[in-house]
Amino acid sequence: MRVAGLLQAALWGLLLAPVTADEGILHATGSGVPPVTKDYCIIYSSNWISLPKSLDNATFVALENLTSTVLCSSSEVPSGLMKDKAVVVMRGNCTFLEKARIAQNSGAKMLLIASKTRLSAISDNKTDFEDVNLPVALIRYNDIVDMQLVLGNEVNVTLYSPPLPDFDGSMIVIFLIAVFTVALGGYWSGVAELENLKAVASPGERETRRKKEENVTFTPLTVILFVVICCVMLLLLYLFYKWLVYVIISVFCLASAMSLYNCLAALIGEIPFGQCRIACCNKSIEVRLIFLAAFCVAAAVVWAVFRNEDRWAWILQDILGVAFCLNFIKTLKMPNFKSCVILLGLLLLYDVFFVFITPFITKNGASIMVEVAAGPFGNSEKLPVVIRVPRLEYSASTLCDMPFSLLGFGDIIVPGLLVAYCRRFDVQTSSSSVYYISCTIAYAIGMVLTFIVLALMKMGQPALLYLVPCTLITSSLVAWRRKEMKKFWKGNSYQV
């Protein structure tokens, strides 16, 4: 279960700030005193029209509500009713451009097409309609109803599309979550290592801890095998996404519930109260741990049922995800720096290949990693192996949907394994946490560098491209400066 969980985490090693291109804002103003204003989401085609980026010098047009017609024929509307107005009609059997030509010939200044279904991109071919220059946009029918209720029947509107901010506050939240998880996971691994070292002198206690911990140690051979399995699994997800996504969701629910239990049980174990026990199957079990297990299972089940509820399900997913990452960083051991270099290096190549190289191979020119991240073929189910934080800056995207900034679990766990090894090496050599602190700082610098590149390039980035060099180079420099590279490279004999 632990290796399967790390597999699904490593499959997603991509930092994304998802946005939709042709989203804009309809700014509506009522006729009251003082005038009431409200913004609504619109979808338009930037290939047809170019909307202003702000409301500066905006020209407002009176809105004419004609949602009783679909405007597929000029005879549907009385003559002169659309003259110099913004007209809103319903979607119908004719194309958007056919509606636009009729509205333009009738003197309209703007055409809004109300939709009772989910707004989708406007994709009509404008080749045969070169004479149409009327602004055309899709709007939700419910927003038209809301506009009348809030602003009244006399409404003036204008369209604009503000540029997306280069930096969003959600990135700060993701940064804090990622650095906190890596630092805490590494520290927890060091605490477990210290307890193991103390148990060496007592063979009985050592055997008890071995049965209790059940840690998994990666050797260079298992690291290579693991990366090969990652590649195969990602390709299978790309080809059979609509079935395998539910397998990943099921594995995440089970693994995250177990991880949350392990994290909370470690905290509860430090509390000297409420330790009453009951006998069951010749074993003594603490009552509070039974309630804890039920709580963790309930949390995973609630997330599974409401996972598509964007308003709050992301909070529960992030909590489960942080516990998931912490548990793996603590329990999966890298025996030496050599294994860390092999694992991080191969996963870096894996990340870069499936993000940047596969667009030259696939038929549609899309990255396999990005396709799987977004859900191929518009699949509504998304892989849960990410930290999600809603974008905080006001934009057209926040009106139209709830866009998220994402960080894959792999971008936390994989560098976190190196941080954990540094912490255990500090414990074994009594080096005052110098490896652990420097590697954690290097991870934070790598995250900042990732955000900078993300803001400059405005596209999803494989975060390991920046995290791996920062952490590996920093750890190597510390070991070289302290003249411990040989020991750091081969690992401690006790660990081996």
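From the backbone N, Cα and C atoms, a Cβ is placed for every residue, glycine too.
The following features are taken from TrEMBL:
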SIGNAL    1-21  signal peptide
DOMAIN    71-143  domain 'PA'
TRANSMEM  169-188  transmembrane segment
TRANSMEM  216-237  transmembrane segment
TRANSMEM  243-268  transmembrane segment
TRANSMEM  289-306  transmembrane segment
TRANSMEM  312-329  transmembrane segment
TRANSMEM  341-361  transmembrane segment
TRANSMEM  402-422  transmembrane segment
TRANSMEM  434-457  transmembrane segment
TRANSMEM  463-480  transmembrane segment
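Long-range contacts of the transmembrane segment (463-480) within the same chain, counting only residues at least 6 positions beyond its ends with a Cβ under 8 Å from a Cβ of the stretch, are 13-15, 337, 340-341, 344-345, 347-348, 351-352, 407-408, 410-411, 414-415, 418-419, 422, 434-435, 438-439, 441-443, 445-447, 449-450, 453, 488-489. Fewer than three CB pairs closer than 8 A are found between the transmembrane segment (402-422) and the transmembrane segment (243-268), and contact between the two stretches is not assigned (pairs 6 or more residues apart).
Panel annotation: around the transmembrane segment (243-268), residues 1-2, 4-5, 8, 188, 236-237, 288-289, 292-293, 295-297, 299-301, 303-304, 307, 319-321, 323-324, 326-328, 375, 379, 381-385 of the same chain, lying at least six beyond its termini, place a Cβ under 8 Å from a Cβ of the stretch. The average pLDDT for the domain 'PA' (71-143) in the predicted structure is 83.
Counting same-chain residues at least six beyond the ends of the transmembrane segment (169-188), those with a Cβ under 8 angstroms from any Cβ of the stretch are 17, 266, 318, 322, 325-326, 328-330, 387, 389-393, 404-405, 407, 411-412, 415-416, 419-420, 422-423, 436, 439-440, 443-444, 447-448, 451, 454.
Broken down by DSSP into helix, strand and coil, the domain 'PA' (71-143) contains 19 helix, 16 strand, 38 coil.
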